[in-house]
Structure formats: C-alpha cells, structure tokens
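What follows is one structure encoded as structure tokens, with my remarks underneath.
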C-alpha cells in the first residue's frame, strides 16, 4: 500500500464514516430519550433516498401511501386510548397531531410536485415526507410498551425493521436507485482527488452535530430532552412529558437519517433493503460511544468508516467480518470500564 | 338423513373419481410455476409473460390442445414444492415448467423426480443428475459457459491480465470459478478476486486493489443495477482498459445507473437480446422475431429482457418432444410421462431463440458456444459484436 492509496482510502472512509455518524447520533438521541434502540433507522435513510429518486423522476413516491396508512393507524390508536381514559376532550388535538399534520405534509408534496420544482425544493419535499414516519411508528408501536424493558423494546424494534423492509418492497419495488449528484465540483489536495460530494457529506455531518450540540446546551427544549434522557421520573416531576420528548427525539432523529440518506443517494445505488447494513454499522459506531455520548458515537462511526475502507482494500471478502469483530473488544472494554446505571440494576 | 346424504356424496365422489381415471384425456396439461411475488419477482414476471407468448405461438400439438395452469411460488422453495405436488396430484399435469429462483427450481425438480413427471427448468440447475432416474433438464446457459465465451473474446482482444470484482455470493463464485477455469485454455491470467455485497456503500478499496495489479481489463461478476457500482468506481479512478461482464448485467436499470461509466462494456448474452441486429443466416433470427411478435400479441408490450425467452425455448423443447411422444401414448398416463421424458432427453439440434439444444441423460444443460453472442453497450443500447 502506497501513501497515495492510503490517502484515497482514508478520504473514502471519512465520507462513509460521516454518513454513519449522522445515523449514529440519531440512534443515540432516540435511545437516550426513549430507551428504544431504533433498528429501522437505516431504513428511514434508505427510504429518503428512494423518495428523492421518485421525486426526481417526477413520480409520486411510495412514501405517500406509507405516511397516509401510518397516520390513519396512529390517529385511530390515539383516539381509542383517549376514549378508554375518558379524555375525549383532547381528541381534536390528537387528530391534528396524528392525522392532519402528516396529511398536510403529503398534501404539500402533492401540490408542489405539479409545478416540477428544482432540486433543492425536491430535497426539502423528500425530508418533509420522511419526517412523520418515525414519530408515527413511535405512536403505533412503542408508546403502548413505553415502560417495558430495554430488551423487549429492542426485540420489537427488530420486528419493526422487518415489517418496514417488506413495506419498502411493496411501496418502492425491487430496483435500486441513484440520484443526481448534488455537486460536480472537486478539490485536489496534493496528488489526491477529493470529490465535492465527500466535502458536502463531511460538512453536513459537522454542521448537524454542531447544531445538535447548540440545541441541547442552549435551548429549553433541548434541556428538557436531556433531562428526560437522564431521568424520566425526575423529568416528569419537573413537568416534562416523556411522550412529547420522545416525539421530538424521533423527529430530530429522522431528520438526521433523512439527511444522511440524501447525501448517500448520489454516491451509491440504494435499494429498499439497503438501510439495514447502514443502520447496523452506525449502531457499531454508537456502541463505541457507549450509546450515550454524541461525540463518542460520531468518533466511533468515523472509525468504522475508515476501518471498513481499509478492510475492503486488504481483504474485501472479510470486510464485514473485520468491522463487526471490532465490536467484541469494544464491548469487553466497555463492560469492564463502565459502571452499571441504576435503571439497569432495576431490570 | 345426514347419513344417507353423506353416503350419496361418497358414492358420487367415488364414481366421479372412477370416471376421471378411466377416460383418457385428449388435451395435454402443463403446470407452470413462477415467482410473481417476493424477491424473485423481477425475473419471475418476465418468465410468466414468456410462457404466455409461447402459448400464443403454439397452442396445440398434433391437434391436441395444450392447457396451461400457472401458480405463483412467492420466491419460496417450500411454496414451489407444494405447487409442484398440487399440480401433479390434483391437476394431473403431464409436464412441469419452472421457476424463477435456483433453490425453488431444485425443490421442484425433486418433486418431479419423485412423482415421475418430466420437468423443464427455466433457471440454471447445478450438479449432475442420475442418468437412470433423470426427469428434468435446464434451459439457460450455465455460468461456466457464459464466462468461457467472454474469455474467448478477451483472448481475441489481446487481453492478458484480468482483474476480477464480483458479488460476495454464489453468483460471484460461479463467475470467478468460470474465469479461473478458462485461464489455462485462453492464456489469460486472473489477477484479483475482489468481492462486494449488493448493499455496500462503496467499492473504492476493492477497485484500488484491482488497479494496483495493473490489469488490461476488468471482469464484473455482479448482476443487475448494482453491477454498475464497480464500473462507476473504475471511471472515477480514470481506468482506460476494457471491461467485461455476463448477461446478468443486461437490465434497463443497469444502463440507467451506469450511464457513461458503463459505456463499452462487453457481455456474453443469448442471441435473442439483439435479435434485430443478427445476420439473416443466424439460427435465432427468424424465430426470435416470431417470438417478439407473439410476446407483443400475448402481453401487449414489447420484450426488453432475455428471461421471457427461456420460457419460450422451454416450450419449444416441450412441444417438439410431445409431437414424437404422442405417437406412443395418450396424455394423462404414466406411459406418456415416460415417453415425453425420453423424447425431451432425445432432443437433437433444436434451434431456439437462445441456443441450439442437444439433451442427453446425465446432464441438465444442453447448450454450447452457439448459445451466446458478445454484445457491447454503445450509447446506452446493446449492440451485436460478431
């Protein structure tokens, strides 16, 4: 391996790592606030890419059907649970949040698509369609079992992933897509050629992590989320609703997954089932960060990306074996080094 | 009362059974299984359209009508097994044709062998049958032949050193093994064995490894849309050498995704892919155009793939064998099944739209190099390269 090759591999690894980092940060965000390890996160990223590709082809994406179905289900479930609790006066608010807002997003997309908007607007539309999915899934699947053990939540999350992959095949079809590149500019640093897309991915990852940092440290909402993450009961006593905090975490998380999906779509062909591996590798990154630290998760994800890039050069058949074997020493080190939290002891 | 009723039903059922068993059927019944749903559907649906075209092309043999029964296996081998059993035991079919995925096809072949009904497989089947108890044959060109024809072309193009990159699955293995097997005969050398998965995000590492060995050409062992990924990475790195692949890449989405990077790639494919461009003397030209017309009439759309043509060739093998088998036995009987099997295995120099078929007991495949032509991607269209 020469220095040139090492530089190219490192740049490729950093670009992949940046995409993993966005997903990893989202995974940690949702886990800390709701205790759910949201496996379908990668699927959300893949669905965003597929949605954008459909919009590029001037078609109504399959996501529209998915959002409408999920919104109806979530609304019915919310109304039923309100009726059972005898709080039907809150019904209009529930209908607004779970039915009207998602349908409004679908309506906007449907209207704007009639005037064939330019690329930046299509990206916004794709994100608009993707954002409601995770919060709606949260309402349908996780809210009824919000107080269950982490293990049960994880099992349900895996099941949800398989359901989503099936729905992806139904709504998007078996063929892969690749979208137009966002930029054709390129940088040359010394002898090494850096595509503009890589720079864009890296910038987006840094900007979003930075924004998240500012959000958590300088806004009331961010502090409320952090409080929920630290201690649900305590936060509740302070007047923070964990359910609402969960919805916000899912919204923020799917925004990050959506952005990573849009960034990766021009670099690689995305299939309806591409999300799983993406989510899994981001998850490895998040575990390196101990599932609670954002900078740790981001660093871990970059590490996974770079390791994967070099592994694919050294031995492409064993690439995934190398990446996932990394988990074993990390888990050993983590379990030896960390203190068990109170909540884990309770379980 | 109820007792009398059930007794009557029993008698009626028995006599009905006796009547069916005793009347020799006039028409030939064909059971066709394909994957209309599940991950195999993108191949299974063209297979289904191909069989409709074949029925349109030739709906009777020696005046005996052919009745076609189609079932979906959902790309699931156990569903394919059930479908094959149902077709043989309940519908009393004389022949099985199927299906879109290799595991399901092998599962159906086991049922056909057990119940002694001939079967024509439209997917590649690997391994060797027992010649004493062989009830099935396979229509498509085997992977080793696909690669051998490509290797011949590499030799003609003056290529010595070849880099290989393919899927990390059975298909990637088949193409790599085919290339290794061709090494000695063709004087080429396969330098790398790089692999990637269909859902991988990047192949930069693998491509750098391939390029570090300075190959004259690169062979792609991928399939469909994601087969374009190494080509795009090669173009990024400014690779100027030749690229080769197999028919597995021939798909409209491959051309769309590959764009400029895929231009100039040469693949081995059945002649039906470029039917219009074949010289008039080519065995497949006339029949392929007739197939296209029948396909258009049956499905109301033009053909874009090579898969539907395998169904068509399977049908052609069946009807030709049935003409001879009908002379010795009546459809619906065990004698007819055996005669049909013997005649299928006795196929000699039968021209289809993909190949000239010669079957004999002891091998599933019956095609040779005439079954493949080299086509090159020029301006987004596949062009015949004699």
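Yeah, the Cβs are placed from backbone N, Cα and C, and that goes for glycine too.
Where the annotation comes from TrEMBL, it is an automatic prediction and has not been curated.
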(message) Between the candidate ranges A:38-60, A:61-83, where does TrEMBL place the transmembrane segment annotation?
(response) A:61-83
(message) If we skip the immediate neighbours and take only residues 6+ beyond the ends of the transmembrane segment (A:192-216), which ones have a Cβ under 8 Å from one of its Cβ atoms?
(response) 4, 7-8, 11-12, 14-15, 18-19, 21-22, 25, 29, 181-186, 222-223, 225-226, 252, 256, 259, 263-264, 266-267, 294-295, 298
(message) Can you tell me which parts of the same chain pack against the transmembrane segment (A:283-306), counting only residues 6+ beyond its ends and a CB-CB cutoff under 8 A?
(response) 9-10, 13-21, 23-25, 27-29, 31-32, 37, 39, 205, 209, 212-213, 229, 323-324, 326-327, 330-331, 334, 338
(message) When you look at the transmembrane segment (A:61-83) alongside the transmembrane segment (A:248-271), do they share 3+ Cβ pairs under 8 Å, ignoring any pair fewer than 6 residues apart in sequence?
(response) no
(request) Quickly jot the same-chain residues contacting the transmembrane segment (A:149-172) by Cβ under 8 Å, restricted to those at least six beyond its ends, or write none. (result) 35-40, 43, 46-47, 50, 54, 61-63, 65-66, 137, 141-142, 272-273, 275-276, 279, 347
